[in-house]
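Below are the structure tokens for one structure; questions will follow.
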Amino acid sequence: MIILAFLACWTGSSAARLRLSGTQSCYRGDGSVKYVLSGEGAGMVFEINATSGDIHAKKRLDREAKAFYTLRAQAVNRFTGQPLEDWSNFTIKVHDINDNEPKFSKETFVATVPEMSDVGTMVIQVTASDADDEDYGNSAKLVYSILQGQPYFSVDPSNGIIRTALPNMIRENREKYQVVIQAKDMAGQMGGLSGTTVVNITLQDVNNSPPRFPHTAYHLSVPESAQVGSPVGRIKANDADVGRNAEMRYTITSGDGHDMFSVVTDGETQEAIITVKKPLDFEGKRLYQLKVDVTNAYLDPRFLHMGPFTDSATVRITVQDVDEPPVFTRNPYIIEVQEDTLAGSSIGMVTARDPDADNHPVRYTIDRYTDLERLFNIDSINGTIYTLQSLDREMSKWHNISIAASEINNAGQITRVPVFIKVLDINDNAPEFAMFYETFVCENVKAGQLIQTISAVDTDEPLVGHKFAFSLHNPNFTLIDNEDNTARILTRRGGFNRREMSLYLLPVVISDNDYPIQSSTSTLTVRVCACDSDGNVRSCSTEALLLSAGLSTGALVAILLCIIILLMIVVLFAALRRQRKKEPLIISKEDVRDNVVSYNDEGGGEEDTQAFDIGTLRNPEVMDTNKLRRDIIPDMLFPFRRVSPIKDNTDVRDFINSRLQENDSDPTAPPYDSLATYAYEGNGSLAESLSSLESAATEGDQEFDYLSHWGPQFKKLADMYIAKDTGRET
């Protein structure tokens, strides 16, 4: 495409005069002129016909990319290359055409506007841009219009401001709107290019909806055992608003349950939580009625005319009966009792009742964990407390016990109450010295010299305080009562001699002033000591007497050590003798004891198994004759006499074999091994067999006269067998 042709003919001015291609050249047409082009876009965007000087565009031009090009052209001799004229500068301006549509800065806009806003309230401004030339024609002149969102919103055609178009738009009816805005160039004329954007508009909530209860009356129930603060139930009012505008407050304004219940608001669910304010009693009142009001926490004065922003409902609460534990008339109980009260005396009473309508009888018990010494007992029917032992205030001033009351028909319903028993004081203790006194008197003391100040204590606690009286009757010492519960001990004379009397025992009588008067005699020990001229003790009676006998302190210590050593030796010797190991009664299984000894008591025959192990007599092959018992020294009660043993024990063997066969063939025998033993003293027994195992073979040959020589311990046995033998002979 030929854009420009220029004349290189100089007219006397420095500027080249351009003309369109096709005009007549100033140079001769002999083909010696050549045109060259340089500058912006030369060779790439623009090219020049070297012969005609026509300038052509090599590619499509975009004004929005580059609106101006500055170029230079020159005519030169084609053959010599010499310039025929100077360079000519010129500018190529690209004229705009409407080839760019308007574009918005965002594809989607988000905006909010309060509900109930007036018509014309600005919502948001959206703007578009057009890359075309604003100064050339109407290519960049934009007009805004609304394609979607009517009749709720409108847009200003010139600036893109979106405004509300309807009054009283309510969020509760519709909350979100989508508006489509168009921007069109060419001033909105036909053929213009356009672009669109989407605006999502949300109505902001305002407090224009009052809270309302869905029901005018509610019914709740609660057990009478509900603790204070426990919830009874929940009710809720509805508010179409959201967020802060939907926050509500509940109050109890009237009703007979105003003092028994309270209401709080759940911050998350906006529900009214009715709670117990005071303890409930089914027997006292079974039904309560409340009036609960609800109102918004935050009101908007602009919309008060849409109210009222409050509502009320009636709540009826039924108290349900439960089996309650007994209730004491007091809590705690304090009982006072004199400490001299006899055991079994009544000291007080506790009372409890079943608060239920049935009023079941109550049973009283003492928790023994609180009365480990079992000092008290209680009547299970009427609650009277008794003493089981006499009380001593000086041992314990208070006794804290726990008494339980339970329903007789339902032991699980139990209530405990503390009972504090105060033991009142009586004057049953005599005063005594407050401490142990170590008193001494000097040999050179003078008459009237103070040697000791004494005081007294009394475990009793009289109401008016202690008042003690002191008295002393002694020829050597006197006592002066100071009238302040103390007394002074003074000497009646001087010239004490520790050799004549080293100790003086002074009986001091101390009395109190309570009723009945109690008194005691406390002994004050006074030692006579040797003192210097200033009254300082040098030595007292015991040491002085020892020193006078010529024994020094070192000698006394040596004597004491010798005595201690001798005592230790004696104790050690006695301990060694006691710990000497005794030989056992039976050394081994072969050690069979077959000697008759005296134990100073009458034996029990075959039934006596305490002092003798009969198990050692059951094996006749292991017996060792003539072995004496080693644990005692026996007293032989008869001269040694030996009877010939039985040569053959076939009867015993046959007896055992027959028993064995009976047990093996018995179908009723247990399915496990059993052991049957038959005692047999065996051969070599000094008194032969004392049992009846060999009576069939030897009874006729035995003589029992020797039993009468064994002493009184075997008298009964001798009488039995000697009389039996005599009867056989008869």
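Every residue gets a Cβ built from N, Cα and C, even glycine.
Annotations in TrEMBL come from automatic prediction, not curation.
Pulled these from TrEMBL:
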- 30-104: domain 'Cadherin' (DOMAIN)
- 105-213: domain 'Cadherin' (DOMAIN)
- 214-328: domain 'Cadherin' (DOMAIN)
- 329-433: domain 'Cadherin' (DOMAIN)
- 433-545: domain 'Cadherin' (DOMAIN)
- 1-15: signal peptide (SIGNAL)
- 545-576: transmembrane segment (TRANSMEM)
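Help me understand the surroundings of these features in the structure.
On the 0 to 100 pLDDT scale, the domain 'Cadherin' (30-104) averages 84 in this prediction.
DSSP places the residues of the domain 'Cadherin' (433-545) in helix, strand and coil in these numbers: 5 helix, 54 strand, 54 coil.
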If you run through the domain 'Cadherin' (214-328) with DSSP, how many residues end up as helix, strand and coil?
10 helix, 53 strand, 52 coil
